[in-house]
Amino acid sequence: MKSYISLFFILCVIFNKNVIKCTGESQTGNTGGGQAGNTVGDQAGSTGGSPQGSTGASQPGSSEPSNPVSSGHSVSTVSVSQTSTSSEKQDTIQVKSALLKDYMGLKVTGPCNENFIMFLVPHIYIDVDTEDTNIELRTTLKETNNAISFESNSGSLEKKKYVKLPSNGTTGEQGSSTGTVRGDTEPISDSSSSSSSSSSSSSSSSSSSSSSSSSSSSSSSSSSSESLPANGPDSPTVKPPRNLQNICETGKNFKLVVYIKENTLIIKWKVYGETKDTTENNKVDVRKYLINEKETPFTSILIHAYKEHNGTNLIESKNYALGSDIPEKCDTLASNCFLSGNFNIEKCFQCALLVEKENKNDVCYKYLSEDIVSNFKEIKAETEDDDEDDYTEYKLTESIDNILVKMFKTNENNDKSELIKLEEVDDSLKLELMNYCSLLKDVDTTGTLDNYGMGNEMDIFNNLKRLLIYHSEENINTLKNKFRNAAVCLKNVDDWIVNKRGLVLPELNYDLEYFNEHLYNDKNSPEDKDNKGKGVVHVDTTLEKEDTLSYDNSDNMFCNKEYCNRLKDENNCISNLQVEDQGNCDTSWIFASKYHLETIRCMKGYEPTKISALYVANCYKGEHKDRCDEGSSPMEFLQIIEDYGFLPAESNYPYNYVKVGEQCPKVEDHWMNLWDNGKILHNKNEPNSLDGKGYTAYESERFHDNMDAFVKIIKTEVMNKGSVIAYIKAENVMGYEFSGKKVQNLCGDDTADHAVNIVGYGNYVNSEGEKKSYWIVRNSWGPYWGDEGYFKVDMYGPTHCHFNFIHSVVIFNVDLPMNNKTTKKESKIYDYYLKASPEFYHNLYFKNFNVGKKNLFSEKEDNENNKKLGNNYIIFGQDTAGSGQSGKESNTALESAGTSNEVSERVHVYHILKHIKDGKIRMGMRKYIDTQDVNKKHSCTRSYAFNPENYEKCVNLCNVNWKTCEEKTSPGLCLSKLDTNNECYFCYV
């Protein structure tokens, strides 16, 4: 009963009470857009109304429908009132969707200011921006990885050319504009009519939304874009012609029908007024796309919609199952993972099978990857105490825990802690600090404490306090990790980076002084122009430009023009290249160069294999004695490759900074050559670039008046090659305490002294409420620096800067053959559930962020709101700040920083998840406390308690032990082994 009341409370708080009628009964309903009986499914605006059954979710491990978060209590149906006022509509998601009865497809309707994204799992992605009437199709197939603009209909998938089959693309619509399906008649029925106007529009790309200074890809055929005045500034602006008959406007509604007929994907688009006017335009925009019959068929349709109103942010994700060929018990486990809000369905599904102790011959195991099945026994044998035999490591962990407790004090109200002052350091803390640094020296391999003097108790305390202040918003596990950076034990801590750079800028001349602006703009090739028209586009044709044909960039859920973070995909080759530490040696140029080549190998289909940095350091034709004290550049890296024609793996010749300067080793028979069949290409002579053999560099200063072009170059190279080398100025900017999770807004310099790698990019909203974009940068200072070795920096930097923080970017021009032999197949479970990235949901919020509607919540208000919500019965991911030891320690660090503003921006986001199968709807919910919470790869707040009263206990157990289990093959299984009372379920975390 408690969970029953909690669900009703949440639903009635989230949605307008006048729109949602809270009852305890299921209610039959139609889709609201077509005639009864012609569509099946639920309405997008509802919270669980089902035409044929009640909502419900399943308990972990159970194949019978039950509630996964309320320990067996049924989840009540919440039905939608059929009438609502215009003001009430603002409170709910107005995008409504329903399955078609006679076709494999979906009908979506709503007002013209509502946007949504649709996936035809596992292949097709459709992004619908109704405000600009911009519909874009992408595909996850390796051969067809870019975008098609619905409007352009030019037969172009950006860099890939497609064969067009003649057919009418725009038809007149007969009958009601509701698009009712009658018998065998197609949705939004067609009749012949005149062709739609043809415009010379290239395929549009939805790129990262950003502020006026941010990058924005040109979206051709956008209704909001305007051409320049023809006769001066006083002339009226003229909108470019559109290649669509139906253009969304305020006050109108849209209807989109997507369905499969034989081997053709058909999309129909219609705009109409709120009242059906018989004199209204009766044209329907229709596009048809051939799909490859040999590919895995579509198994489900997933639709995402977003709504923000009065500080409440709703994300609704609905998964419509199209078939039932997956065994029921397997589908139940997987759908539970989806409903929990877990992005990594495979990891969660794998954990569920392991926790349930199913043997590897169970039918559900065939939906996992081959590696998991083949290593079944090893995974099951993994224990939580694998490393407990390392006594020094154990004592170091214990010492860090003691210091964190002793460095904070509790005030008289016992509700707020702060860092102690220097004069408050007692003898026990002094002893612990010295013991801590002694233990750290024993395990440290970077040479920090061997080459610089160790500080006394006061030095160490001040260094740690400075670290805690700069990382005030980190959780306890992250802080413990940062305490393993040996720099905190130095007497003069700023000396730490003196020998951790090592870039010497090469002397090169510009091959082309003049910047060809058109090189970086989207433009149509002659083939594109020939393909303009209306009809059927071949989605599986393989003609493609040379620069992308040879790279496997099919992971566009994790890396595309809007955002790119392959680190969030645990199965990706690049995410398995662990951060390295160059040690006390000026070798950043080697680590940045070799990582760039490693990611190129990943994008060519090779296994994640590290290149030996020590081999490159020692195999050069010069003096060896000062090799660790003088830097160089990526040009020398390429020269060494060409001179020797060999690159061993890191495992063949491991890096140790003390060995830098030795003689070049003799290649042994068992060593692997990672440069086998590789070639360094000649100069490309790119405009506005510095060129060497196998090397192209772009200085940001040359793009001062066109930084968008500079950004676009980097994005393109990261998408294709996995990374670029970046030159930056680290001196007096980056130290041991540098925060990696916050986006740094930094100026640059006219010179550079350090080489790093740009590995991705994303979007954020700054403290002023402006939409901005950032680079994800990988450093070579070890995993205890920054955000596990990475940091974020604003793409454009402050407006007053003379130089961008990224001084230059470098791209290798090398030829490596594609390796198709070792390409691993995705787990079969992703044929039924979307392989999603946390970045996708964060980007969904970002694209719809309205600066004028942002709402601020204090931390106190957050805690009060969470108390009202009760335990985590229905809401997945409820905030548990302040509960348990771990939570307390985390909050003390937050409050001790003395932030300039006690009221921080906390945007409450509620994620409603629905799984619709066989007319039944099962529902889950998750609450995020802020936008960064949306972006997290894991969250202990998704812990599940079989008895709801133990929820906080389960979350605390997860937080305390996460570091122990994080690197295990199945962290959820590891946590379950630590739950000796069997009170919790951790597969959702």
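From the backbone N, Cα and C atoms, a Cβ is placed for every residue, glycine too.
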Quick one: sort out which of 365-382, 455-472, 473-490, 491-508 is the region 'Interaction with host VTN' according to Swiss-Prot.
365-382
Swiss-Prot annotation, disulfide partner among C573, C585, C602, C664 for C619:
C664
According to Swiss-Prot, which residue among C559, C602, C628 is joined to C573 by a disulfide bond?
C602
Disulfide-bonded cysteine for C585 as listed in Swiss-Prot, from C559, C564, C628:
C628
Here are the disulfide-bonded residues: C437, C559, C573, C602, C747. Which has the lowest count of other Cβ atoms within 10 Å?
C747
Which residue among the disulfide-bonded residues C585, C619, C664 has the fewest other Cβ atoms within 10 Å of its Cβ, if you could check?
C664
Measuring CA to CA, name the entry from the disulfide-bonded residues C437, C489, C619, C664 that ends up nearest C801 (disulfide bond).
C489
Disulfide-bonded residues: C489, C564, C628, C801 - member with fewest neighbouring CB atoms within 10 Å:
C801
Using DSSP with the three-state reduction, classify C585 (disulfide bond) as helix, strand or coil.
coil
Which of the disulfide-bonded residues C559, C564, C585 has its Cα nearest to the Cα of C437 (disulfide bond)?
C585
For S588 (site 'Ancestral active site'), just count the other CB atoms lying within 10 A of its CB, please.
26
Rank aside, I only need the closest one: which of the recorded positions C489, S588, C619 has its C-alpha nearest to that of C573 (disulfide bond)?
S588
Taking only the Cα atoms, work out how far C489 (disulfide bond) lies from C585 (disulfide bond), in Å, as a whole number.
19
